[in-house]
Amino acid sequence: MLETRRIQIFDTTLRDGEQTPGVCLAAAEKLEIAQALARLKVDVIEAGFPFASPGDFAAVREIAAQVKGPVIAALARANKEDIDLAAQALEGAKRRRIHTFIATSDIHLEHKLKMNRFQVLKRAEEAVRYARKFTDDVEFSAEDASRSDRDFLCQVYAAAIAAGATVINIPDTVGYSTPEEFGALIRYIREHVPNIDKAVISVHCHDDLGMAVANSLAAVAAGATQVECTVNGLGERAGNAALEELVMALHTRRDFYRVGTGVDTRQIYRTSKLVSTLTGIAVPPNKAVIGENAFAHESGIHQHGVLNHAGTYEIMSPETIGISRNSIVLGKHSGRHAFEQRLRQLGYELEEKAVTELFVRFKELADRKKIVFDRDIEALVANKASGQPEWYQLVYHHVVSGNQTLATASVRLAASGAVFEAAACGDGPVDATFKAIEKAVGFSIGLKDFQLKAVTAGEDALGEATVWVEREGRTFSGRGLSTDIIEASARAYVSAINKMLAACGCGASGQAAGGN
Ligand SMILES: [Zn+2]
């Protein structure tokens, strides 16, 4: 056996990742991501920060009640109110973890907490002891650990472990550390915390200098056994260590690291797509492992080599992360059985009702498009109705545009039995359509951003539109999918309006957002 240690993958896409600027996930979307993470077989899902907002609380509670497999964790600052709420939100989980934290660096003590070292040590101890009343699984983080005084840091960890912490997390909160330095810090902690053998050593690295994954790997080499990360590297500022890079580095180089994870790597690509669709944060084409170009071979010499023997230029195969080389699958004559079977082969376990809805959309798509690729099916699944209440539905849209004519659009929306119609002119067909929709709903909407991209290649490709709208300082995103880009845009705009009306509860995340 090559693998001598098992590394726990702690995913914080739904907590740190959700703190990515501009990201606002509805409860149903968080649940969908949590279910994908369970299929990916991560060990721990940090579902949110219940104290941050009622929306965060509700999402953690829903995930705790419904998602089976991984440990469900909730973040709490080191005080009773936060811990009480985290414990309440986690009640439905079979395996639950309270993750409590306090800063330990002098700069945070002086300017943020206004506490001295003794007070911080006592507070950490009390918080861990209090959290243990609710669960046997308590993680303690020393925020800004990498910039803290090493000996004080060791004292705090020793106190937290003595109070019952089962995991101690060492975050590089501001992404300041380097691999050599961070590895040395882990070794120092292992050597200077007397009761360290009673806790799992965890790390949490940020990517401000592009070293989050490298720092995490250095920590693993130095003896850490839990790594915190996010899908697509989302997170505060420059983000966290990317799950896909970490897992594939450990997997591809198990000869070197001699560790294993429990992750089903074949779910990586799909999970990345889902997270990118739901958050609206695109993956750059040159991104390691999951980027569009990660397995593309441009040069003739490389292509020739790969065709003869993949190993000449490929250190991992696309199949390992769940990209199938044979991607032409279904067409207009494919029946429901074939469609259902393909969904299962792609790893989706969906309820009967969802399959029925998707099959209708698949048939509509197959009528417009000769060949339906796996990527199209994945886009359909990612864009399926979220289960959120939909106020308005797009019934009809018509647009006239050209280089010699003013773009004019008319739309018809339906909402609880009533019909709303309007027409408007604009700068181009998308603008005219958005203005007509705004007129039909009867209130002004602040369009913040708009993005359009093709799901697959070819002139009949599916277009995926994402729209961000703003109201009273809160941002809401909507998505739409169609082979007609104006229709995709209109659907995205209506979906953003529906979300705005359903008020997703992300607005308050600023009040107590933080963590490590
Ligand atoms: Zn963080």
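Indices start at 1 and increase along the chain as displayed.
Glycine is treated like the rest: Cβ placed from N, Cα and C.
Among the features that TrEMBL reports, domain 'Pyruvate carboxyltransferase' is placed at 7-269. According to TrEMBL, the feature Mn(2+) binding site maps to Asp16, His204, His206, Asn240. Annotation source TrEMBL lists region 'Regulatory domain' at 393-516.
Location within the structure of each feature annotated in TrEMBL.
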{"residue": "Asp16", "record": "Mn(2+) binding site", "DSSP class": "coil"}
{"residue": "His204", "record": "Mn(2+) binding site", "DSSP class": "strand"}
{"residue": "Asn240", "record": "Mn(2+) binding site", "DSSP class": "strand"}
Cβ neighbours within the same chain of His206 (Mn(2+) binding site) - under 8 Å, at least six residues apart: Pro171, Asp172, Thr173, Val174, Gly175, Ala212, Gly235, Glu236, Arg237, Ala238, Gly239, Asn240, Ala241
Neighbours of Asp16, His204, His206, Asn240 excl. site residues, C-beta within 8 Å of centre, Mn(2+): Thr12, Pro171, Thr173, Cys205, Asp207, Ala212, Glu228, Cys229, Thr230, Gly235, Glu236, Gly239, Ala241, Asn516
Residues in the region 'Regulatory domain' (393-516) grouped by DSSP into helix, strand and remaining coil: 35 helix, 57 strand, 32 coil
Cβ atoms near His204 (Mn(2+) binding site) (within 10 Å, other residues, all chains): 30
Asn240 (Mn(2+) binding site) CB neighbourhood, other CB atoms within 10 A: 33
